[in-house]
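A.B. asks: Shown below is the structure under consideration.
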Amino acid sequence: HGRTSKNILFIVALSFAYFSKVLSGTYMKSAITQIERRFDLSSSLIGLIDGSFEMGNLLFLAVVSHFGAKLHRPRLIAVGCFLMAVGSFLTGLPHFFMGRYTFDTVIQGSMNDSVSITPYCVRDSSSHMWIYVFLGNALRGIGETPVTPLGISYIDDFAKAENSAFYIACLQTITLLGPMFGFLLGSLCASLYVDIGYVDLETVTITPKDARWVGAWWLGFLVSSVIMLLSGIPFWFLPRSLPKQGEENKLPPSSPTHDGTENNNATSHQAMTLAEIAKGFIPSLKKLLSTPAYFLLLCGSLLKFNSFIGLLTFKAKYMEQQFGQSAARANFLIGVLNLPVVAVGIFLGGLLMKRYKLGVVSGAQLSFVTSFMAYLLLLLQFGTKCDNVQVAGLTVSYNGTPGVVYNGNLWSECNRDCSCLAGEWDPVCSDNGITYTSPCLAGCSSSTGYGKNTVFHNCSCVLSSSAPEGSMSVILGQCPRSRECSRSFTSYMAVSVLSSFINSLGTTPGYMVIIRCIKPELKSLALGIQTLVMRTLGGIPAPVYFGALIDSTCLRWGIKKCGGRGACRMYDSDMYR
C-alpha cells in the first residue's frame, strides 16, 4: 500500500512539474512583445532570445538522458525544477535594475504647457540587460532536460504495461492545462503597467493599446519561478527506484535501464566504450535515414513545426498589430480559445485511431487530410484584414490621400516652422480620423489639461487637411480602428480556432505513423533524431527568421535614447499579413 501511494505521489508530482514547466514556457511566448518594447529590440533579436531555451536544452539533453538513469532520478528531476526556477527568476530580474520605463513622449506629467524636452544622452545602463533574459531562458532550458526522459523512464520501471500508457495519458492531459494558464497569466501581466507600485498610474499617458505600452512582464516570471520551486520539492522525498507493479514487463527501448537487473547492467554500461557506441550508431542512423517513409515524414514534420513555432511566437503580436488588440486581450483569447481546442483535437485524434483501429496508411491519410484542410483554411486569413491606420506622412499624405509613403517623409508645409524632432513618436488623433506621429508634427501650438487628458490646439496640419471647420485640436493616442476592423477580427479568430482544431486532429496519427514505419529496434533512435532535428532546425531558427520577416515590414522604428534603432512602433499591415 505504501508503494502504491508512492507511485501516485510520483505521478502527481511529475504532472505538476510538467504543468509548471509548460506554464513558464508559454508565459515566455506571451511576454515576447512586452520584452521587445522594454529592451527596445527588433523582432529577429527577440526570436533569438526566445530560441535560447532550445539551445540550453539541446546542450544537455543527451548527457542527462544517458547518465541520468544511473543516478538518483527523482533528485535529478528536483534539481532540474530548481534550475528552471532560477532561470525564470533571472529572466525577470533585470526589471529591478533597469530603473523606470521611460517612453518617448512630449507630454510633461503635471505642467500645463507642453515643453519640448531636449534629449541629453546618458549611457543607457539597460541596453545590454536583455542578455540576462537570454541567459535565464537558456538556464530554464537546461533545467528542463531531466524532467521528461527520466520521469517517463521512472514510470515505465514501476508501472505495468497497461497502466503505463494510462499514466502517460494523464500526464499529457494535465500538461495541456499549462499553456492555457501560461497565456492567461500573460494576459493578466500585460494589462498591468510595467512599473506598477512605483509610479502613479494617473501620470501614465499611454493605454494598453499603445505601441509603447509595456506590461508587468517581469511579474509572470517571478510567479512561474515560485511554482517551479514548489513543483521540485516532492521529488526529494522519493526513493531511487520503485518496485515493479505485479509482474516484470518489457520496457520501450527509450529507457536506458531495462528491468530489475539495473545494478549489474550499470557496470557493463560504463564498460562499453564510446567507440563501441559510435560503431553501432552510424549504421543505425544510415538505416534510418535511408527509410524513405521516415525521411519524408521527418521533412514534413520539420516544415510543419517551423510554421507552428513561428505562429505561436508571434501570434499575439500579429493580433496586436493587425487588429489593434491590446497584448492582454490577445494573450487571453489564445489561452481561452485556441489552446483548449488544440487539446480536444489531440485527444479526439487519438480516440479516432483507437476506435477505428487505423493502420499506418489510414493514419497517414488522416494526418495529410487534416493538415491540408487546416492549410486551406489559413489561406482565408489573407482576406481578413484591417486597413493600415491612417498616419500622416507614413500611410497617408498630410492632406489625407492614401498611399504608403516609404521614405517616411514626415515634413510638410504645415509643420515646417515647428522645428520638431523627426524621431518623436507620440501619436495624436484628429477628428478627421488621421493620426499624426506627434503633436509637434501635427503643427500644434498650445495645449490644455495634463497627463492622459492633454488636448492640443491650433494644429495647422489638421486645418490644411479636409477637416470640418473649427476642429483643429487633437487628442492623445492613435485613432481607433474602424467598425469593419473588429468584424474582421471576429472572423480571423473563428478561422484561427477552426484551423487549430483540424490541424491538431492529425497530431496523434502523424506521430504514430512515424513510430510504425520503422523497425522496432530503431524506434528510440528515430524519435531521438526527430526531436533533435525539430529543435535545431525548427525551434531555434524559426523565431529568428519569422522575426526578421516581420521587421522588414516596419514603417516606423522607435529611437533609443542615444540614437540607434529601437523596437518597431508601426507596421505596414498589408506587407505584414
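Every residue, even glycine, has its Cβ placed from backbone N, Cα and C.
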A.B. asks: For the transmembrane segment entry in TrEMBL, name the matching range from 48-69, 532-553.
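C.D. replies: In TrEMBL, the transmembrane segment feature sits at 48-69.
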A.B. asks: In the same chain, which residue numbers or ranges, 6 or more beyond the ends of the transmembrane segment (358-380), come under 8 angstroms Cβ to Cβ?
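C.D. replies: Counting only partners 6 or more residues beyond its ends, the transmembrane segment (358-380) has Cβ contacts under 8 Å with 304, 349, 352, 495, 498-500, 502-503, 505-506, 509-510, 512-513, 516-517.
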A.B. asks: Report yes or no: does the transmembrane segment (76-97) come within contact of the transmembrane segment (293-312), defined as 3 or more CB pairs under 8 Å with a sequence separation of 6 or more?
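C.D. replies: No, since the transmembrane segment (76-97) and the transmembrane segment (293-312) share fewer than 3 Cβ pairs closer than 8 Å, they do not count as touching.
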A.B. asks: Tell me, please, if the transmembrane segment (166-194) and the transmembrane segment (293-312) are in contact, taking contact as 3+ Cβ pairs under 8 Å between residues separated by 6 or more positions?
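C.D. replies: As far as Cβ distances go (cut-off 8 Å, pairs 6 or more apart), the transmembrane segment (166-194) and the transmembrane segment (293-312) do not touch.
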A.B. asks: Let's see if you can do this one: DSSP helix, strand and coil counts over the domain 'Kazal-like' (408-463), in that order.
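C.D. replies: Residue counts in helix, strand and coil order: 13 helix, 11 strand, 32 coil.
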A.B. asks: Take the transmembrane segment (215-237) and find every residue of the same chain, 6 or more past its ends, with a Cβ under 8 Å from one of its Cβ atoms.
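C.D. replies: For the transmembrane segment (215-237), the list is 9, 12-13, 16-17, 19-21, 23-24, 27, 30-31, 34-35, 38, 74-75, 77-82, 84-86, 88-89, 91-96, 136, 182, 185-186, 188-194, 196, 208, 327-328.
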